[in-house]
Amino acid sequence: MESVAAESAPAPENEHSQETPESNSSVYTTFMKSHRCYDLIPTSSKLVVFDTSLQVKKAFFALVTNGVRAAPLWDSKKQSFVGMLTITDFINILHRYYKSALVQIYELEEHKIETWREVYLQDSFKPLVCISPNASLFDAVSSLIRNKIHRLPVIDPESGNTLYILTHKRILKFLKLFITEFPKPEFMSKSLEELQIGTYANIAMVRTTTPVYVALGIFVQHRVSALPVVDEKGRVVDIYSKFDVINLAAEKTYNNLDVSVTKALQHRSHYFEGVLKCYLHETLEAIINRLVEAEVHRLVVVDEHDVVKGIVSLSDILQALVLTGGEKKP
């Protein structure tokens, strides 16, 4: 579900056309402040919601079959939404109990979601972060980045219903619909190297031979959503994302996490188009176009030999466009 309601938000008038590129640095910030979360909600969309009394096994299978990465959790006793069930929860459980002599992984999946949250996820438990449909998209971007989350439920304060799940991808796609209506800020023509957007130190990576269990530990420790897979020369050959981990549940192969990430990724080799890459000399505008067109969450920054130099994510892009006006994040 990546449809975006373009018709609900009128294109802004190009009233800044006489301004210089230098003075246009806040144009995207202004756009986000003048549009509400409601403007982005499609007229028709699919939303997966789980009751906390649902069996964990069924919940993760539903994530896979619906192609979603997370779902709001409804507590029937409290008559309210209490959190999100995400692939990160699945990873935390797998990593913590795979080598445990006390708990068998296959037993864990028989539990209800509420049991998981109360017993097994208490260390990583987070209260629900949500937003009103009347809040601005600027507030939504700020909340996503400040709380270091990837999904923000839009909840109607009057009915208590979840209307939509906002993500970095959907917000950037919405902005891209209107981007040609704006005077182009100077920073859009600057390179990644000039703007220093992205992460270039301590890049979390795995080798082609790295066991899945080790990769899960890196996800937990570094709190990243994807790991470039590199060969012996440091060249990127694949990418292992959190979303790939959910296939362990679908295929019931989570009882053998000692296989390599390369073997674990074979399930999608028939449709994998390759790692989406970019270079430090490319402009921010080119990077945004590639991210939106490919509908990916990040690009791997490489040199001319495909050696990994960094990662630029949707979060990095939105922070630069909306919160810091092209400047390096504080």
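Numbers here mean position along the shown chain, with the first residue as 1.
Just so you know, glycine gets a Cβ as well, placed from its N, Cα and C.
When Ser34, Ser80, Ser159, Ser269 are compared in Swiss-Prot, the phosphoserine annotation sits on Ser269.
Between the candidates His150, His267, His281, His305, Swiss-Prot assigns the AMP 3 site shared with Thr199, Ala204, Ser225, Ala226, His297, Ser313, Leu314, Ser315, Asp316 to His150. Among Val119, Val129, only Val129 appears in Swiss-Prot as part of the AMP 1 site alongside Met84, Leu85, Thr86, Ile87, Thr88, Asp89, His150, Arg151. The ADP 2 site recorded in Swiss-Prot includes Arg69, Lys169, Ser241, Lys242, Phe243, Asp244, Leu276, His297, Arg298, and the single candidate from Arg223, Arg268 that the record places there is Arg268. In this structure, the binding-site residues Arg69, His150, Arg268, His297 were compared by how many other Cβ atoms lie within 10 Å of their Cβ, and the smallest count belongs to Arg268. Reported as a whole number, the C-alpha separation between His297 (AMP 2 binding site) and Leu85 (ATP 1 binding site) equals 19 Å.
Reduced to three states, the DSSP call for Phe243 (AMP 2 binding site) is helix. The Cβ of Leu85 (ATP 1 binding site) has 25 neighbouring Cβ atoms from other residues within 10 Å, across all protein chains displayed. Considering only the binding-site residues Arg69, Ile87, His150, Arg268, the residue whose Cα is spatially closest to the Cα of Thr262 (phosphothreonine) is Arg268.
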